[in-house]
């Protein structure tokens, strides 16, 4: 069996080789008229396995089977239809067992037993191929706007929930916890959906409960699809669950068109109303049918293009199957019609125009479906090209007639009847002839029916007839009727003969007819439209129409003359931007002194923008225009969208200038022929300067946007900050794409953006010469509305904000090494003193303005803190001996400043009030409140300083220990590495570099001179914790929850020989747990004493019981919580395993404390004791299991 099977395979190879090397005729892909798939069939006939008869093909024509290659998308077409694929990449021949599929064989015999076997073989060979999801762009087109719409419906709760969940998922992903990140994304979406149901107004918006439930289900389905899309981005799911990934991809393509079209229509109806809702839904259905229902290859299956010739692609590597494609087709054809019937059933047959809507909503998608079938949309119906062509011709003719008649009723006679100059019934005949004849000619040419001489003559005659009839309809003079007839003749000749002079003749004659139509109908009207006379608009529109007619002919000129196409396209885009800006920005029409509000619809701006971008892309693909023209056109068309968001008359040109300045790094430097297409340094500086100038040019638009957002004119600092931030963000493409290897460019960009953000947050006062004022800004500043509304508001000085901005920018410059403080000790000292002075003056002027004597102490405090932190992080030769004294001075300044603050504040209040003996109660209360507020601010300042010092010392000690461990590991492996001759040179270089860059403050010097660091860190940690406890008492009255946030401060404690002897990394959690337990115990005792002392002993006293009953009961319940806390704190200190029953036995002792006690802190202790017992049991159990695994 195996011998015969192998012999058969060898015979196939031998036969194929004989035929291939025989009649090749110098073409590796063609063998005397038939391709390699036919050659394989011939070899199979030689073996007698597959063929209809026992004879070979008598001629090459028998092997010529029409294959619908043009019906497929480009990625599914055969190589003969893809001219950019070289013949060198042509597929090689595979063996019979691994390469055959039924689609390769011409005229396969369905009754042959080999058909089913081949199908199973084809399915078995379509293996899973883990790769990235290649259809992200298609899914994003549909789901990203849907997600934005759902976030707008849900509001702040949904945004906050989703943001928090995605942040957690991102953190888990950064920790390489892939499954946790995956579930984090899904739980975020589920939580956001729950928040959406409670926060959105769906159920109050719809009057019908079924509609509300249906809308809620649609939102939930869209949220689920977003989760499915996110799941496809995880590679580990592709590797571990390939079948699930394939199902998710199929689910996305099957369900997204339904949800996206419905949500897009919902959003559009919310914006523009319900009048034409069915047509909106029909348009979105057509768009998403084209995006998702055209056959696409799966991202996760092997694309064995080399095994499929002639354009035949097996069904099992497509994403959608016949069932899903059928449902998509039914949705395209019937859902808009059903939606229209459900929403307009009461007026459905009220007029002929309303009845025409029913036919249009079915037959327009039907025509679109027939056109989409040329790209393979009806592959699930039949794969026979002749049958599909007959389906398109017959059904397209019927649908075209219906659509044309309905458009006459619904659009032409309804909206443009005033321009029809022919009386009935001749007008119906001529309009029908014009529209139906033109549509028939266009459809016949589109489906490729115009090929021979007879069809060309018929096409030309029809074009002449349609042109003449259309001219008669609009009232063109009969004397000049040959003019449109000749124009139609030249247009038809261009399409049939591909004659370029014929097209330009048509353009000349067509321009004359358009000019006559505009002069005849609009020239004499005395109307001012959008601040301009109608005659001026007529001139602009004529020029725009003539340019639109000339550009297609220019695009067909030789490549040397393509600059004419570019000039024409740019001129047309400029003119279109100007016309639409005038229409959209000016919303009034003046006719003989009467005002009537009119609006240029927003959807027209969107439609012309995307049509222009699609045209630019098509011309670029066809290599009709160059990259510079594409750059300018994309910027011009995209700038029109700014009109929809900012109501400024110059926003289009401002946005165009900004886009032209920002986009060159992305659009111009894309030379694929060079290995590295990067800017030069001077080009980068030039582009950055142009970006800055363009942002300055945009300042008025930024001012208007901020004024609209805030409701009042923005300050100079806010305006300048937004300009700086916009400049920095606009320079991001320059740095990210072309200077990603230049670290200084990244650092400067960070400084620029940080400067702008600081200006936005602080809003510092700006001198008059810095604001680049314009007439618009001056007029807004001179408005008296603020004074009339808010009155005269006394403002505190804002100049200290400059000091804070300078301090933050200096810190960022030092962190990014722009200021080299780590190399120069003098510069380091100057930097630390400058930072301390700036922060000290800012804090004094901002929070302690009345106590002028304390300013010196606060400045000295900030200078000491800055010097200590800077020289601890970048130590010098003598800093290790001086820093303990700096810290001692800082600690000594704390009580002095705290005590002097009260005295100075009391004296200042006495001097301001003029009262010497402080007799009046009002002045006493004012003095006490002022003192408490100032002292609280000082406590917060010193708590922050000590926290910063403790963090810095903890970081330095951890770095030193890590360096010490590395040195030990290096010495341990030094002998083995030196004996290895194959040790990489790169690793040796890294070790040498690390050895050369070890700071002067090494482990030995730390042992000799820096032994004070752990003690200083512990003192700073304890003082910070103590100050925070005092602030908790002063600000919250001693909150019970505060200890759980303050106790983790003690994690900054270090091991030393003085304060915390025997404390190591193993016991780092002991201070946290012991402090929580001790704090809750002490505050519980204080609460019991306070309740007994003041007579608030609860129900014990209310029923006549003595005070001691309340005290003894709660003290006993408090004592019952001690065993769990003692055991857990001992366990955290030593981590010695005890019997499993010990923590579980102490657990029930906490239940009475939770149930019976009257003191809330005792309840917290009981609940905490239960948590401690369970945690101790689980940790001990896990240690025991780990030990068994190790053994």
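Yeah, the Cβs are placed from backbone N, Cα and C, and that goes for glycine too.
Automatic prediction, not curation, is the source of TrEMBL annotations.
Source: prediction; values computed, not measured.
Look at TrEMBL and you will find 98-123 tagged as region 'Disordered'.
Among the features that TrEMBL reports, transmembrane segment is placed at 209-230 (among others). If one looks beyond the transmembrane segment (209-230) by at least 6 residues along the same chain, the residues whose Cβ comes under 8 Å of a Cβ in the stretch are 139, 143, 146-147, 150, 153, 185-186, 189, 192-193, 196-197, 200, 202-203, 248, 251-252, 255-256, 259-260, 262-263, 266.
With a cut-off of 8 Å between Cβ atoms, the residues of this chain six or more beyond the transmembrane segment (358-381) that come close are 68, 70-73, 76, 278-279, 282, 285-286, 289-290, 293-295, 321-322, 325-326, 329, 332-334, 336-337, 340-341, 348, 388, 391-392, 395-396, 399-400, 402-403, 406-407, 410, 446-447. Per TrEMBL, transmembrane segment is recorded for 358-381 (among others).
Here the transmembrane segment (459-480) has long-range neighbours at 419-422, 427, 430-431, 433-434, 437-438, 440-441, 444-445, 450, 487-489, 491-493, 495-496, 513, 516-517, 520, meaning same-chain residues at least 6 beyond its ends whose C-beta is under 8 angstroms from one of its own. According to TrEMBL, the transmembrane segment annotation covers 459-480 (among others).
Taken from TrEMBL, the feature transmembrane segment applies to 500-519 (among others).
Feature annotation from TrEMBL assigns transmembrane segment to 628-646 (among others).
As annotated by TrEMBL, transmembrane segment applies to 681-697 (among others).
The feature transmembrane segment is assigned by TrEMBL to 748-766 (among others). Long-range neighbours of the transmembrane segment (748-766) within the same chain, counting only residues 6 or more positions beyond its ends whose Cβ lies under 8 Å from a Cβ of the stretch, are 715-718, 720-729, 731-732, 735, 798-799, 801-802, 804-805, 808-809, 812-813, 816, 818.
Feature annotation from TrEMBL assigns transmembrane segment to 802-821 (among others).
Taken from TrEMBL, the feature transmembrane segment covers 851-870 (among others).
Beyond the transmembrane segment (882-900), the same-chain residues lying 6 or more positions past its ends with a Cβ under 8 Å from any Cβ of the stretch are 853-854, 857-858, 860-861, 864-865, 867-868, 871-872, 935, 938-939, 942, 945, 949, 1012, 1016, 1019-1020, 1023. The transmembrane segment feature in TrEMBL is assigned to 882-900 (among others).
Beyond its flanks by at least six residues, the transmembrane segment (1011-1033) meets 872, 883-884, 887, 891, 894, 936, 939-940, 942-943, 946-947, 949-950, 953-954, 956-957, 1039, 1042-1043, 1046, 1049-1050, 1052-1056, 1058-1060, 1075 of its own chain at Cβ-Cβ distances under 8 Å. If you look up TrEMBL, you'll see 1011-1033 (among others) marked as transmembrane segment.
Positions annotated as transmembrane segment by TrEMBL: 1108-1128 (among others).
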